[in-house]
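A.B. asks: Okay, handing you the structure first.
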Amino acid sequence: MTTVTAINADEGAGLYALAHLDALESEAVHIFREVAGEFERPVILFSGGKDSIVMLHLALKAFAPAAVPFSLLHVDTGHNFPEVIAYRDATVARYGLRLHVASVQEFIDDGRLRERPDGTRNPLQTVPLLDAIEKNRFDAVFGGGRRDEEKARAKERVFSLRDEFGGWDPRRQRPELWQLYNGRHSPGEHVRVFPLSNWTELDVWQYIAREKIDLPQIYYAHEREVFRRAGMWLAPGEWGGPKDGETVERRMVRYRTVGDMSCTGAVESDAVAIEQVIDEIAASRLTERGATRADDKLSEAAMEDRKREGYF
């Protein structure tokens, strides 16, 4: 005789969340192993932000107990949050990984790039990224982009073909049926790979909580000097401000996403623990990029234009 045990609503929601995260994890692990089997010189983009941290955690799981067979690449704007760079370096040392750094500052110093009038360097990352890919002959580049972040990313494939100039052409993207991925490419071309494509910001945080993944402390509420611009709280520094009329204040804030310090906005928050962050995100109706990234607001098609140029 079979015994049926009733499950209350809270237990059912918890079981669903676990099953959902297990499915996302399984898909990402499959993608990492698929790339290892199909490509010769993959690399993982790693900035020390939450998505790249989760991506590295999944790569470690995919190949454990062996080492991750890929190196890391950071496109360094030079306008970094100190906490994030410290985390990046500690992580590289902890796992014995090889880190390539493509420096925007070096390209500015030798005249290949010019500073922007607004001081932000995020839009300047494309040239150093493509140079590093060509110089190291990387044929697959893992990125932490998710489809829920922004409309240009919403239509991205898991395996995204890039031409010999690093550009994205929608007409050349391949159908992806079930979990079948086409990594074929011609010499000089490469493929961007997005293992977190089907994850949401809430999924990422629930997974961080489940796996007990450490993050830079700026992802949690802390007191920081900030100033208000275009509806966002920005951190003061040598670049980007404050300008005349912008007042520096001390507020309890946290960062939902991490990029160039001059264009990444903080949100007011009291979420000092991961459970509070999850509750905060569950109630939010804005994506983290839509709420906190000034570089995405340069135009309606800012991210789409950068994708075509080869940025992500």
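The backbone N, Cα and C atoms fix where each Cβ goes, and this holds for glycine too.
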A.B. asks: Among the residue ranges 33-52, 113-132, 153-172, 293-312, I'd like the one that TrEMBL describes as region 'Disordered'.
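C.D. replies: Going through 33-52, 113-132, 153-172, 293-312 one by one, TrEMBL gives region 'Disordered' for 293-312.
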A.B. asks: If you average pLDDT over the domain 'Phosphoadenosine phosphosulphate reductase' (42-265), what do you get?
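C.D. replies: Overall, the domain 'Phosphoadenosine phosphosulphate reductase' (42-265) comes to a mean pLDDT of 91.
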